[in-house]
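Feature annotation from TrEMBL assigns transmembrane segment to A:6-24, A:36-59, A:65-82, A:94-113, A:119-138, A:174-199.
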Amino acid sequence: MNIFRLVGDMSHLLAIIILLMKMWKSRSVAGISGKSQILFAIVFTTRYLDLFTSFVSIYNTSMKVFFIGTSYVTVYFIYQHFKPTYDSNHDTFRVEFLIVPVGGLAFLVNHEFSLLEILWTFSIYLESVAILPQLFMVSKTGEAESITSHYLFALGSYRALYLLNWIYRYYFEGFFDLIAVVAGCVQTILYCDFFYLYITKVLKGKKISLPA
Amino acid sequence: KKEARVKDEL
């Protein structure tokens with residue numbers, strides 16, 4: 001463990017807590033893409049199957065349980081509990097255009113042709129594009145609540161910090177995973193536009209309005 | 001520099 005990965009995981013944890021608090025306090029899921037949240041639930045489910053087969057640490061296991069659990073609670077909030085506030089008319093990204101290519105790529109490009117490894121690879125590739133429905137929704141509605149912007153900033157920061165973690169691990173531990181690094185770069189690049197708007201607007205008290 | 005067999009990252 002290193003400071004970059006720890007802060008990255010905390011940023012990821014914070015993002016999830018911000019989202020849940022927004023939903024619970026405002027009793028609304030307005031502006032949140034249910035499709036992205038479903039993709040995140042798939043990401044965690046396919047990535048953490050080793051939860052039962054290999055034990056790394058209490059931290060690792062508890063974080064995995066938390067991420068899987070909260071991802072399903074979030075999907076439940078959107079599609080059941082707060083369904084009347086779900087804005088399905090603006091959440092129209094065709095996720096099959098993500099899942100099919102990512103599934104095919106995971107099948108072709110992976111470290112080992114085994115079920116667990118292909119599912120892990122699928123999860124890594126899927127996570128890199130899972131935020132697209134959410135960013136698409138923000139661009140369609142033309143704006144995002146500031147709490148949603150904070151959620152996206154924390155979520156985008158987590159993988160950017162993981163990039164620093166991989167640089168650190170490469171030089172100090174000789175650890176290198178090309179698949180995770182490439183997907184992490186794609187994932188972080190997708191947030192660049194948002195990061196720019198967040199830093200230039202939200203931090204000055206303005207609202208975000210992605211070009212519609 | 002193969003990646004660690006056991007996935008220790010989240």
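Cβ from N, Cα, C; glycine included.
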Go through the chain and flag residues at least 6 beyond the ends of the transmembrane segment (A:119-138) whose CB is under 8 A from any CB in it; none is fine as an answer.
31-33, 35-36, 39-40, 42-44, 46-47, 49-50, 87, 90-93, 95, 98-99, 102-103, 105-106, 109-111, 144, 148, 152, 155-156, 159, 179-180, 183-184, 186-187, 190-191, 193-194, 208, 210
Should anything in the same chain at least six residues away from the transmembrane segment (A:174-199) have a Cβ under 8 Å from its Cβ atoms, list it; otherwise answer none.
109-111, 121, 124-125, 127-129, 131-132, 135, 138, 149, 152-153, 156, 159-160, 162-163, 166, 208-210
